[in-house]
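Feature annotations, reproduced from TrEMBL:
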- 90-305: domain 'ABC transmembrane type-1' (DOMAIN)
- 30-48: transmembrane segment (TRANSMEM)
- 94-116: transmembrane segment (TRANSMEM)
- 136-157: transmembrane segment (TRANSMEM)
- 227-245: transmembrane segment (TRANSMEM)
- 284-308: transmembrane segment (TRANSMEM)
Amino acid sequence: MAAHLQSASGKAERPATGGSLLSYMWKYRTLYLISIPGIVYFFIFKYIPLFGSVIAFQDYNIFNGFAGSVWVGLKHFRTMFEHYDFLRILNNTILLGLYDLFIAFPAPIVLALLLNELRVVLYKRVLQTIVYMPHFLSWVIISGIAIGILSPSTGLLNKALGLFGADPVYFLGENSYIRTILIGSGIWRDTGYGTIIYLAALAGINPDLYEAAEVDGAGRWRQTMSITIPSLLPTIMILFLLHIGKFLDLGFERVFVFLNPLNTENGEILDTYIYKVGLLSQQYSYTTAVGLFKSLVGLILIVIGNVFSRKTTGESLY
C-alpha cells in the first residue's frame, strides 16, 4: 500500500529535499507527532537490542561483557546445524509455520467474506463481537479451556466420543495431536479479530460494481470471485507479506502453555528451545545465533515475497 499522502489533484505528494522537506513535515506535523510514540517504541525495543546480536559470534561471558568476551566466528552456527535437537525442532517449526500459513492465514479472509454476506445488521454486529472476544484472552486461559475440553477424564470431547463407545484419548499427551491443537487454538483465538482489516477493505468496495454485475446476471458467487476477491487482493498480499516475515516466529506463549514431556517431540519450536537452552542452561551466545538465524530467514522471506507481490499485484511493503 503506497503510503504517500494525496494532494487535492489526486496525485501523490512526495517530500522534496532540504528546506522543502521541513515545510512538508510541518504541513503534516500532526501525523508526524502521532507517529513519535511508535518510532520511540521500535527504536528502544527493536533496534537497540540488535546490537546484542554480536554475542552470536562470541563465547559471551556476562562478567566480561561484549568487549572482553572471546570471538569465535561462526562456531555457534555450525553447532546449531550439527545438533540433532535443533534440526528436529526446526522441522517442527517449519511444519507449524506451513500449517499456519496455509490453514490459519486464509481463515480470517473466509470469515470476513461470510460476515460480509449477512444483511441483518444487529445479527452481524453480535456475531462479530462474539468472534472478536477470544483474541482478548491470554494463552494461559486458552490452554485452560483446551485442557478442559480435551481432558481424558472430564473433557467434553472425550465424553462425546464415549457416547459412540470410543475409549478416552489423552490428546495433550500424544505427539500426533499437538500440532493440530496448536493450529486449531490459534485459529479459534485470532480468526475473528483478523477479519477487522478485511471487513474495512470490503466496506471500501464501490457498490456500483455489484449493481452492474447484478444487472449482467451475476450471482453472489460470481460477484465474490470477480469483484470481491480481486478488490481484496492488495490487502491480502500486504498481510501475507507481514505474515511470512513471522514464518519461524509462532510465539513462545502460544506453544509453551501446551507443552509437556509427552508431546515435546512434535510440539517444541525454536522459541521454546531458545527459552530452554538460553535462559535455563545459560547458553546465551548459542541461542542468540538461533534467534539471528530466525530473523535472517524472516528477512529473506519478506524480500522474496515483496518482489513477487510487486510483480503480480503491484503492491509491496517498500
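Yeah, the Cβs are placed from backbone N, Cα and C, and that goes for glycine too.
All annotation found in TrEMBL is predicted automatically rather than curated by experts.
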| request: Go through the chain and flag residues at least 6 beyond the ends of the transmembrane segment (136-157) whose CB is under 8 A from any CB in it; none is fine as an answer. | output: 168-173, 181, 185, 188-189, 251, 253-254, 257-258
| query | Counting only residues 6+ away from its ends, which parts of the chain sit with a Cβ under 8 Å from the transmembrane segment (94-116)? | reply | 124, 127-128, 131, 179, 182-183, 186-187, 190-195, 198-199, 202, 224, 228, 232, 236, 239-240, 243-244, 247-248, 250, 269
